[in-house]
Structures are given as C-alpha cells and as structure tokens.
Amino acid sequence: MASITLRRRDAVLLTAMLATETGNVAMNTLFKAATSKGLNSYTFLIYSYLIGSIVLLPSHIFSYRSRSLPSLSLSILCKIGVLGLLGSTYLITGFIGIEYSNPTLASAISNINPAITFILAIIFRMEKASFKEKSSVAKMVGTIVSLVGALVVVLYHGPRVFTPSSPPFPQLRQLLLPLSSSNSDWIIGGCLLAIKDTLVPVAFILQAHIMKLYPAPFTVSFFYFLIASILTSLIGIVAEKNNPSIWIIHFDITLVCIVVGGIFNPGYYAIHLWAVRNKGPVYLAIFRPLSILIAVIMGAIFLGDSFYLGSLVGGILISLGFYTVMWGKAKEGKTQFLSLSEETPLLDENIDDRI
C-alpha cells in the first residue's frame, strides 16, 4: 500500500515539474516580449515578487496553523535570507541576460545546472557517487546524456524535418519578432546567464538543507519572496536612480507579464521546494535540459518554427538521459524503502525485548 502511495506521489511530482518547466519557458518568452515594449528587469522582478508575496501570504498562514512544524528560529530565517540574497542575484543576472539575448539561450545555458548540482550534492553528501550501485551509475550517465542532447539541440541544426505551412498563431509570432539580439548583446547576455546558472545549483543545495530543517514549502517560499523583493527593490532603486520613469506601468503586455509572473512564480518555487524536499537537488536540476526541448517544441507548435534533425536527435538524447536519471532515482527510492521496511521489525523486536 505504501509503495502505491509513493508511486502516486512520484507521478504527481513528475507532472508538476514538467508543467512548471513548460510554464517557465513560456514566462521567459513573455518577459522577452515585454522588454521589447519597454519593461525593465528590475521593474518586473520587484512588482512580480511583491505580488508573489501577497499571493503566498494566505497559504503561509494556513500552512503554519495546520501543520506540526519546528519553531521558525533565527538561524532558519537567516538561511532563508541567504537564499533570498542568492535568489535576488541570480534573478537579476538571469532576466537582464534574457533582455540582452533570448529565452532559447537561457534554456540552453541552464543545462549546466545538473552537472554542477550533482557535483555539489556529492560534496555535501546529499547524493552518492558509487560505480558499484546501479542507481548511482544511472544518475551519472543520465545526467551526461541529457547534457549531450541539449548541446546537440543548440549546436547542430541539420536538415529540416518538419516545416509548418503557416504559423498557427500569426499574431503571437508578430509580437515575438523583436526577440533577436546583436552579437555583442548576445555575448553579454550569455555571460550573465552563465553567472546565473552557476548560482542556481548553490541555491538548490541550500533549498534542500532548509527543507530538512523546516519542511514547509509555502512558508519558506513566502519568506523567500518577501526577502528577495526587498533586496531587489534596494538594488533596483540604486541601479535605476536616474531613470524614475521605469516604475510607471502601462496597460499593455508589460502589465500582463508582471501579473502573470506574480501568480506563476510562487507556485513554481513552491513546487521546486516540494521536489527538493522529497527527491533532492539533483532531481530538480535534471529537468533543466528538458527546457531547451520544450522551447523548440513550443516554437514549432505556436510560432510555426521549423523542426530540425538536430532538435529531433537532441530531444531523443535528452529524453533518454532524463528517463535514465528517473529510473536511477526510482531504484534508489525502492532500495531505501525496502531497507526501512527491514529495519522496522527489528526495531519492534528490540523494543519488545526491553519491555
């Protein structure tokens, strides 16, 4: 019965993670389109994160009252504060990087996350690296295969496999036409995105640590959003002190982007914390290579972009790597469950002997 419950939880978690990664690609595309209409990165982050804090406030109160949780100590709050500082830094560099480049490059560079996260998880003993265990080998091989697949999608186009006769949504394609960037902007954007995707794995590890101390995703998300919005506000006010007009929001795609971000980001972050709590940081990071495949598929479906052989081959490799890691995580979870089941009767016998 317990194994069935675990399988259901894993299925729900997998579905939620796929949905959030798809939503994240769409959010990045919407943000890039909004920047072409004058939206500033600081404006988006500050307003959307303030909205996110308000959205999370009721769930934080409900979660705090309805569950038996350890006290929210100053030490835990300080760690959430450090997480907020990390988040503010990689959010600012990430969105400014997208502003200079485009969402596809952001998805491509984010593929360094699994490798860095896996290395950090081994260093902090959150993951095992043993060539004697099939689950560990599967996770390592799957991570490498996913990274290779992502590189194939980015670096190799090949011949066209599929070309739509006309874009399904011509108005949307027209809106997203200004998303191209110059070569110099592309390099600046790439450097900023690389900094962001070096900090993200560090945040994943810290999230896992905080979830062990205080397993309440909505409460941690609320304080994270609150701290990140305050820190981003301070940085934004200093950085844009000579440009006060950026704080004025117009009733167009810029407002839509801010509101959608304020609603989407809290759920996105809470699901990430839930995934880290139940599966660890590597599970969270392995979904990043899927983002480049999702971006290619969404471009073909909604914008009428051509689908190339490189995208097909890379997509197959990403899928193989992803499912290999999932198999490794499932086998690891099954082994832990069986060992726990074996230990429980022994524990009961020891208690009976003592009585």
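Just so it is clear, glycine is given a Cβ too, placed from its N, Cα and C backbone atoms.
Some features that Swiss-Prot has for this protein:
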TRANSMEM  11-31  transmembrane segment
DOMAIN    29-154  domain 'EamA'
TRANSMEM  42-62  transmembrane segment
TRANSMEM  80-100  transmembrane segment
TRANSMEM  104-124  transmembrane segment
TRANSMEM  136-156  transmembrane segment
TRANSMEM  186-206  transmembrane segment
TRANSMEM  218-238  transmembrane segment
TRANSMEM  244-264  transmembrane segment
TRANSMEM  290-310  transmembrane segment
TRANSMEM  311-331  transmembrane segment
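Across the domain 'EamA' (29-154), the DSSP tally of helix, strand and coil residues reads 102 helix, 0 strand, 24 coil. The average pLDDT the prediction assigns to the domain 'EamA' (29-154) is 84.
Among the listed stretches 42-62, 104-124, 218-238, 244-264, 311-331, the one sharing the most Cβ pairs under 8 Å with the transmembrane segment (136-156) is 311-331. Stretch with the most C-beta contacts under 8 angstroms to the transmembrane segment (244-264), considering only 42-62, 104-124, 186-206, 218-238, 311-331: 42-62.
Long-range contacts of the transmembrane segment (186-206) within the same chain, counting only residues at least 6 positions beyond its ends with a Cβ under 8 Å from a Cβ of the stretch, are 79, 82-83, 86-87, 89-91, 93-94, 96-102, 105-106, 109-110, 112-113, 116-117, 120-121, 124, 126, 276, 281, 284-285. Where the transmembrane segment (104-124) meets the stretches 11-31, 42-62, 218-238, the count of C-beta pairs under 8 angstroms peaks at 11-31. The stretch in 11-31, 42-62, 218-238 that contributes the largest number of Cβ pairs under 8 Å to the transmembrane segment (80-100) is 218-238.
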